[in-house]
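*Asks:* Right, I'll just put the structure down here and ask away after.
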């Protein structure tokens, strides 16, 4: 007998697992060996896998539960085993018992060896609501590999193969899954790796091909891994089990220390592995993008924790700008206050410094633009919630930028643009009238201009002597270039307080209201214009009266379109004479209703609503103003940005290159935004009004009680007086 076989086996672990002399490791061990691996290498060399498949069928069947059909285990049983394994590793002082009460095990009344899994699930649906517990988690889990025959991690043979992750191991795992497909969702059951599925392991291996094949074989994309190995280091000591659910209860007080906190879900694992291909593949298989782990973190939170999108909690709050901490404080403001440091305190005055590393758009070391800064994310945010953040510290930083360089560079840019515009306009106004001579090309056009149309006009101008078409193109391009150049004045108007909001209104009305209006208006215009064209053409054929009046005005469909447009804006005197002589008044009446009355009044209503909305949103101009300043900042060199940064920031630590923005405020008082102050004042006023109403009700009630008391007292007094009179009368009668 072999020495190893004569020795007493090592201590049995929870669940019946043994360490190194498991039968599982005889087939595939943890060092790349095992009888099946030898067969696979030989089969790969000879390209004959028939004997491998035969060996898998005869060898693995003894490790499977319920005659290879699998078995449903109550979660309470698996949680109890997990809790025992955890306590076996801890001292007596640190051991914790599972909380909660075990639910009634409906499976006790079923013989799973004879019943089918489908029948059991139907029974669970009828008797136990489908076996669903809290948070839509099942009270039962189907396992296929015997608990006492699992490896040190609680893994199956698939888990051992994927733990190695080599090509030959993956080939063996896939051949086993083809014969026993239920093993694809058989998880690890140990305390350290509980819930770890083959899909998790393939993601950790960065194996896109293996992940795809597992998904094709039915791998669960929402399987959660609760193992202690994938838990934050500062949460491991707080792990507690409950018999009421499968997940592990953790303390919420964590800084996510360690490097193996991956968020439980396969999609979160893919994000933490920084693998976009796996991420897209799982999304295509309907993985839940918004699923939260035990800590309440989603995929985006995991990106921040592992710094995969270069966002800190502060910049993430600035980017999302959705959830509020309370009625007054945005979560962004809360994080901003936590990052601030008190420099000095004197009485009620407090000097606070806010590090500009993740706040300002200027990198304090290199001077480059930081597009992931809080200020940049807020200024270029598209929602109204971002406007609420553009107050307080961020607004003050923008004001400091305006004072440091914004105003000066804005005036300089405006001056040069005016000079350019004068030269640009003069170049077109002083052109010779001659149409096709080469002398008509002004030398001014060689000036380096910013508009592409002007640059395109150079070859067109040279080609004017070739054909008259280029002359027409030259005039069209020149007209558009002059118009667009003139409109560039609106960019500078955005920085003027009493003009900027109206510029924004014009932008918004053109982009939204006019676009929608012309899309609908063009449909009616084309329809009615072609109707008029058909009517007028038919009338021209029948009547000579139109010829006497100068002929048909609608000679072609394009002329009809143009005339109908002119008629809709009120100029219809010319065409009205022919309209009166032709039977088209009904069509004209319908057109007036649907186009002139309905459409234009609808346009006026839409523009009025847009105007009122923007006028009420006063902070929108602040965003436009801030965007102008950041655009001017973008035109500066890194060295110039660093020089301007020194004007509104101070060093607050040992490293003088780390800059902070310093403000003075009352100690212990959190700065509120203007809207937050207004809401706070409104709620205080409402609270005062409610107190007054309650006081009035109290006084009214006291007055009613007082009046009732007086009334009762009067009734009693009257009754006593009446009784006294009766007594005296009866006494008088008796004496007399």
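Positions of Cβ are set from backbone N, Cα and C atoms, glycine also.
Per TrEMBL, the features are:
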type	residues	note
REPEAT	194-226	repeat 'ANK'
REPEAT	262-294	repeat 'ANK'
TRANSMEM	409-433	transmembrane segment
TRANSMEM	495-512	transmembrane segment
TRANSMEM	518-539	transmembrane segment
TRANSMEM	585-604	transmembrane segment
COILED	678-708	coiled coil
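A description of the local structural setting of each listed feature is requested, covering burial, neighbours and distances.
*Replies:* Long-range contacts of the repeat 'ANK' (194-226) within its own chain (CB-CB distance under 8 A, at least 6 residues past either end) are made by residues 82, 153-155, 158-159, 162-163, 165, 170, 173-174, 177, 181, 183-188, 246-248, 262, 264-267, 269-270, 273, 275, 277-278, 281-282, 285-288, 291, 293-294.
Packing against the repeat 'ANK' (262-294) from elsewhere in the chain are residues 195, 197, 199-200, 203-204, 206, 208, 211-212, 215, 221-226, 230, 247-250, 301-303, 306, 308: each is 6 or more residues past its ends and has a CB under 8 Å from a CB in it.
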*Asks:* Could you give me three numbers for the repeat 'ANK' (194-226), the DSSP helix, strand and coil residue counts?
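*Replies:* Counting residues by DSSP class gives 16 helix, 0 strand, 17 coil.
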